[in-house]
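Before any comments, here is the structure.
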């Protein structure tokens, strides 16, 4: 872009007077007056960005993390949790550093659509960009499907068992939820739906408080007869995948950073965000493990014996997943809009492309209503790459490249990266990379085993013609505590 073009865009309102806002990557931004966006009116501060990070990571992790402690044991669980948290916080910090460097070195390009794959291109080349883009899209699409299904299953249970309305099918609830979510997916970027994310954070806090309260009510009866699991090296390894999943979210981090008033403050957001997640996770996991021990179910909510608190926690997790879906699907929507050459401004192009993306999510949800076994495999194989391996590689390659190489678009060789990188920094990143790869391989292996054993039901649209009853593998359970799982705190008939 020459000086005259820059002046034209600036005067037309399509280019900000602040050069830092205009720094972006080349392929996924529109720099012409026809498609360039208006100056950002909804930039977020670092506190809201931290809330975005928390909301992006917590949710399913809140109910699954205590089970990871059951598999690993209390001391090892604390060690693994803090190790993963610090490692992933570090790689999130690296992503922020890389993005800031890219923006500083490319001062006159438009506004970004999807920063994560462009980091791959700028630091490691076009082939890595394509790989990263596919990897991120598969993960975000799969997570969107699972969040939609999880929310629908919980709400369907509430409708059929609490409200006693049995005529409404789970398939109808899935469709209705997608329809309700649709308007929020049309919002341009995180800066425009920060209120939604604040509510998502609020639902998580309510869920955590409900779970804590339920455990406290159960503690006197359950703790007196608690039996703790005999952990093994195998069970500890199996817990690793849950810990990785509970701190994942890096695919969305650069999108959040780019919507900040000052992207350089992203370091504060990362530190505050991960600290907030640990504060939510750690006390809950320790409390649940100490009280329930070996009797803990695959979701800690199932171990809570107060029906009202169990229902409240489940509904809050459901609402959280609904709203978090808006975050997760946004980078995918923006990339589709880029390839479809849709304007950044709100219009028919955005409505059509984002409606199609959400329809595809809905179609997969209706096709495979028990999608969790598939997502177990996808998550185990993609999360370690996106949250640990790629951020470390982006950072190492960006730091190894000289200013001249950046200007010429020359990518350093792997040998040059090893030679130019400080040895301490190199060792730290290589340990993170190999640890994540090991966890991904082990998690993928377990995911394949679960996928082989999984029993899938007929798609919803086929059941319309066959009148087949839908028997979901998801069900809200009641698990009694104690060594023999026979202690019923509230003496509810047929509770266990």
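In case you wondered, yes, glycine gets a Cβ from its N, Cα and C as well.
Unlike curated entries, TrEMBL annotations are predicted automatically.
Here TrEMBL gives transmembrane segment for one range in the set 237-257, 447-467: that range is 237-257. According to TrEMBL, the feature transmembrane segment maps to residues 193-217, out of the candidate ranges 193-217, 468-492. Outside the transmembrane segment (269-291), and at least 6 residues removed from its termini, the chain residues within Cβ reach (under 8 Å) are 46-47, 49-54, 57-58, 61-62, 65-66, 68-70, 74, 77-78, 81-82, 85, 88-89, 92-93, 96, 204-205, 208, 211-212, 215, 218-219, 222-223, 226, 228, 246-247, 253, 256-257, 260, 300, 303, 481. A Cβ distance under 8 Å defines the sequence-distant neighbours of the transmembrane segment (311-330), meaning residues of its chain 6+ beyond its ends; these are 52, 55-56, 58-60, 62-63, 140-141, 143-144, 147-148, 150-151, 154-155, 157-158, 162, 177, 180-181, 184-185, 187, 189-190, 193, 196-197, 199-200, 203-204, 206-207, 210-211, 214, 252, 255, 301, 304, 357-358, 361, 476. The transmembrane segment (167-186) shares the most Cβ pairs under 8 Å with 351-368, out of the stretches 74-95, 193-217, 351-368, 425-445. When Cβ-Cβ distances under 8 Å to the transmembrane segment (351-368) are tallied for each of 44-68, 74-95, 131-155, 193-217, 425-445, the top count falls to 131-155. Only pairs six or more apart in sequence are counted, and the transmembrane segment (425-445) with the transmembrane segment (74-95) gives three or more Cβ pairs under 8 Å, enough to call it a contact.
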